[in-house]
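Database features (TrEMBL):
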ACT_SITE  Ser149  active site, nucleophile
ACT_SITE  Asp316  active site
ACT_SITE  His349  active site
BINDING   Arg219, Asp350  substrate binding site
DOMAIN    46-353  domain 'AB hydrolase-1'
Amino acid sequence: MATALASDLTTLTLGAPLALDSGKQLANVELAYETYGELNADKSNAILIFHALTGDQFVAKTHPLTGKPGWWDRMVGPGKPIDTARYHVICANVIGSCLGSTGPASAAQDGEPYGMRFPVITIRDMVRAQVGLLDALGIERLHAVVGGSMGGMQALSFAANFPGRTERVLAIATTARHSAQNIAFHEVGRQAIMADPDWEGGDYYARGKGPEKGLAVARMAAHITYLSEQGLTDKFGRQLQDRDAKSFGFDADFQVESYLRYQGLAFTDRFDANSYLYITRAMDYFDLAEEHGGLLADAFREASDTRFCVVSFDTDWLYPTSESRNVVHALNAVAAPVSFVELSAPFGHDSFLLECPALDRVVKGFLG
Ligand SMILES: CC(=O)SCCNC(=O)CCNC(=O)[C@H](O)C(C)(C)COP(=O)(O)OP(=O)(O)OC[C@H]1O[C@@H](n2cnc3c(N)ncnc32)[C@H](O)[C@@H]1OP(=O)(O)O
Ligand SMILES: N[C@@H](CCO)C(=O)O
């Protein structure tokens with residue numbers, strides 16, 4: 001079961017309980033965050049990066065559990081598209097997650113882990129918590145907010161709910177609302193976790209062993225949605241794994257099966273199953289138009305002096321270009337300055353995490 005060492009983490013406790021969309025409150029909210037680059041004297045060069053579903057604050061630093069480079073190491077650093085020689089980058093682990101911020105594995109008031117007593121949270125709740133962090137750091141107005149996938153949802157939510165607090169919004173491979181297909185895939189994952197006998201209603205922390213099998217299956221199913229058919233075909237095709245002939249059994253005959261099993265298992269070393277339930281739920285509940293009376297344009301009415309850049313990938317079938325266009329249409333309707341580009345990349349939804357020079361140019365140009 002994945003547990004980060006407290007000594008690897010920088011955390012801040014919010015001064016007041018967090019009011020949640022559900023009507024509940026979350027007390028003693030801790031946010032684990034990392035910063036990169038220097039904050040300038042007038043605090044005008046800060047960029048807040050929002051991470052995706054299973055991401056974390058270690059954007060460009062070694063992950064404390066896996067020992068791997070940060071998830072956007074190629075994008076963030078001195079001289080890189082998000083240039084930390086110019087900008088002060090902040091990234092916080094979202095609430096509900098499991099790398100130091102308050103989530104289902106954290107201790108509740110009675111000292112025991114919340115488990116399923118943790119309140120259901122929303123994307124807007126995650127954003128509210130991070131605005132609390134900005135307040136505590138004394139940063140009133142950001143140079144930009146940036147995010148891909150669920151990070152992009154937070155970027156849009158930030159613009160809609162905290163207008164005036166950022167000059168720019170860069171939303172990559174994202175959507176303004178989760179579709180039926182998005183919800184359906186998440187539900188498969190959640191059911192896989194809950195069907196694992198080791199889930200035990202979410203009350204597994206004391207045993208030191210969680211529903212790893214269920215979590216691995218959830219990740220396998222989700223991982224397929226982050227890739228493209230072409231990418232899988234190019235990488236694996238129908239090639240067999242470490243054998244010359246089919247086994248006529250149910251071992252991982254095909255490379256793609258072996259790859260998915262590996263991705264599923266590796267995931268359980270760095271992620272908590274209950275966090276997976278809560279964060280996927282937050283994504284499923286995300287509907288920016290619904291939050292603002294049913295019309296997406298109304299979400300951005302107060303943010304019409306913010307500059308937006310919306311980026312999609314032509315092979316992303318999870319949050320296809322049509323979803324980005326909806327966002328752009330809404331921004332056009334309130335005359336917000338917006339640029340939009342559909343990039344060509346073979347890798348599917350997760351293209352934003354991979355080598356994509358065209359994305360690098362867009363990010364650098366928009367921020368500069
Ligand atoms: C966005 C955020 O905020 S952070 C969260 C993002 N991070 C993740 O999602 C991490 C897990 N996901 C991945 O690694 C994604 O696949 C990507 C898209 C991010 C990375 O893609 P790539 O760099 O192309 O890596 P790829 O998908 O090929 O996976 C490589 C791994 O699969 C393993 N692998 C490849 N083929 C096989 C196979 N046939 N059998 C078993 N394992 C295999 C490799 O050994 C490698 O292992 P390693 O990660 O331990 O080194
Ligand atoms: N692969 C990334 C993006 C998914 O949207 C993640 O696991 O967070």
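Any Cβ shown, glycine's included, is placed from N, Cα and C.
Since we're looking at a predicted model, the values are computed, not measured.
Listed in sequence order, the recorded positions from Ser149, Arg219, Asp316 having a Cα within 10 Å of the Cα of His349 (active site) are Ser149, Asp316. Separation of the C-alpha atoms of Asp316 (active site) and Asp350 (substrate binding site): 8 Å, rounded to the nearest whole number.
When Cβ atoms from all protein chains are considered, those within 10 Å of Asp316 (active site) total 29, not counting its own. Proximity of the recorded positions (Arg219, Asp316, His349, Asp350) to ligand 1: a Cβ under 6 Å from the molecule is found for Asp350. Selection of the recorded positions Ser149, Arg219, Asp316, Asp350 by a Cβ distance under 6 Å from ligand 2 yields, in sequence order, Ser149, Asp350. Annotation note: Asp350 (substrate binding site) sits in a helical segment as assigned by DSSP. Residue pair Asp350 (substrate binding site) / Ser149 (active site, nucleophile) shows a Cα separation of 8 Å. When the alpha carbons of Ser149 (active site, nucleophile) and Arg219 (substrate binding site) are compared, the span between them is 16 angstrom. Under the DSSP three-state reduction, Arg219 (substrate binding site) is assigned to helix.
Non-local contacts of Arg219 (substrate binding site) by the CB criterion (under 8 A, 6+ apart in sequence, same chain) comprise Gly189, Gln263, Gly264, Phe267, Thr268, Phe271. Ranking the recorded positions Ser149, His349, Asp350 by C-beta neighbours within 10 Å puts Ser149 at the top.
In the predicted model, residues of the domain 'AB hydrolase-1' (46-353) average a pLDDT of 97.
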